[in-house]
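Over in TrEMBL, the protein carries these features:
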- 6-22: transmembrane segment (TRANSMEM)
- 42-64: transmembrane segment (TRANSMEM)
- 76-94: transmembrane segment (TRANSMEM)
- 115-143: transmembrane segment (TRANSMEM)
- 182-206: transmembrane segment (TRANSMEM)
- 226-242: transmembrane segment (TRANSMEM)
- 263-285: transmembrane segment (TRANSMEM)
- 314-339: transmembrane segment (TRANSMEM)
- 360-381: transmembrane segment (TRANSMEM)
- 393-411: transmembrane segment (TRANSMEM)
- 418-437: transmembrane segment (TRANSMEM)
- 443-463: transmembrane segment (TRANSMEM)
């Protein structure tokens, strides 16, 4: 019975996506929603894109083992990112009216920096999308009671996400995100009331977690632990800022003020609703400690799904898996679109500059298809947890793209030479330390990479310029002035 309700939900999602695709007239509509989105839609997109499988499965699984100290990156770092984007970056980026974040790097530092940072940004999505596809495989496996293998579940899930993203682009993402946000909010709200009551009340669950030290953000104030805390915090807080999915939501807004307010509100909603799966998973300790013990030994990500399946009525199961699938699909579609648009605009267009709007739109759709194949392949062969996949995804943008973006926007003396050295210093130092890193080492590789990137920007910009500065006026977006069809 449950599987049929889920099937119906998926068909509704596909229907919404196909409806949105009928409103795609040009590449602007497909890639940025035509800069026409209202406040509720943009806020829903911000919330739903970030509230993915890691929020429902990965973060709670890490919390129940390590407490808040283990989830500094996400949701707290992610919340910090969205606050920074909304309050600091949204206005200047919105005013530039560019299609991708890669276009900013071209305008500010020239085509070489554009190409390198765009490739870095594209690569960073591999882990995030793979985490969503892995979660889809797990969900279909659980729903079918093992009849659908995790691998086949990943294939089915990829096909569903690919179909409606391929046809509708940002408009499909916007429409489905709003629908999925409603399902997430209603479903998790109901389950929190139900599971909290089963556990003896919210105060019992919270008191138990507090007594167990789960609300401690840092294990000690030794220098090594402080540095580790900072390294974890900045990974998503800063590393997520130079990302196309974040930029696309800002640019899809109808006005500058909507872009700012919707990003902030979406971030607040994200942090608040991330607490609900954490509460539900920890409540399982009160309700069925033996089940929790079993899955902690095997796969902590499965605690919450099995609690719902084994201890709640059918309606609660429908609400949970509807919310879970909504979380996964909304994130998967948005993150699948972002690198595909970046690749087409900032990489492929360099080699095919004469593309008209129709050809550009077709190229974006082809890029989405191959991006889905690449991330599915990575997901099938990766043994990392969902939380690890997401956390690792942002390290490369942290060390290679954050400093050029900050400096490019807010430091007039930043030069092309400085940007190139920032990218080179960041990537080389991070890559070297990552390969040799041991738990006993003092510096987290990504934090060291960020500091070396900053050093590269300072040295490259302040020392004599051996490379010509490539600051150039912004080009019109590829879709500007193109005829609709």
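Backbone N, Cα and C define each Cβ position, glycine as well.
Below 8 A, the CB atoms of the transmembrane segment (263-285) and the transmembrane segment (76-94) form 3+ pairs separated by six or more positions in the chain. At the 8 Å Cβ threshold, with sequence separation of at least 6, the transmembrane segment (393-411) lacks contact with the transmembrane segment (314-339), having fewer than 3 such pairs. Tertiary neighbourhood of the transmembrane segment (226-242): same-chain residues 69, 72-74, 76-78, 80-81, 84-85, 89, 101, 117, 121, 124, 217-218, 391, 394-398, 401-402, 404-405, 442-444, 446-447, 450, selected by CB-CB distance under 8 Å and a gap of 6+ residues from either end. By the Cβ criterion (under 8 Å, sequence separation of 6 or more), the transmembrane segment (6-22) is in contact with the transmembrane segment (314-339), since 3+ such pairs are found.
Sequence-remote contacts of a segment are chain residues at least 6 beyond its ends whose Cβ falls under 8 Å from one of its Cβ atoms, and for the transmembrane segment (314-339) they are 1-2, 5-6, 9-10, 13, 31, 45, 48-53, 55-57, 121-122, 125, 128-129, 132-133, 135-136, 139, 143, 157, 160-162, 164-165, 169-170, 172-173, 176-177, 179-181, 183-184, 186-188, 190-191, 194, 243-245, 248, 304-305, 308, 368, 371-372, 375.
Same-chain neighbours of the transmembrane segment (42-64): 70-71, 74-75, 78, 82, 128, 131-132, 134-136, 138, 173-174, 177-178, 180-181, 184, 214, 245, 249, 252-253, 258-259, 261-263, 265-267, 269-270, 273-274, 277-278, 280-282, 285, 292, 296, 299-305, 323-324, 326-328, 330-332, 334-335, 385-387, 390, counting only residues six or more beyond its ends whose CB sits under 8 Å from a CB of the stretch.
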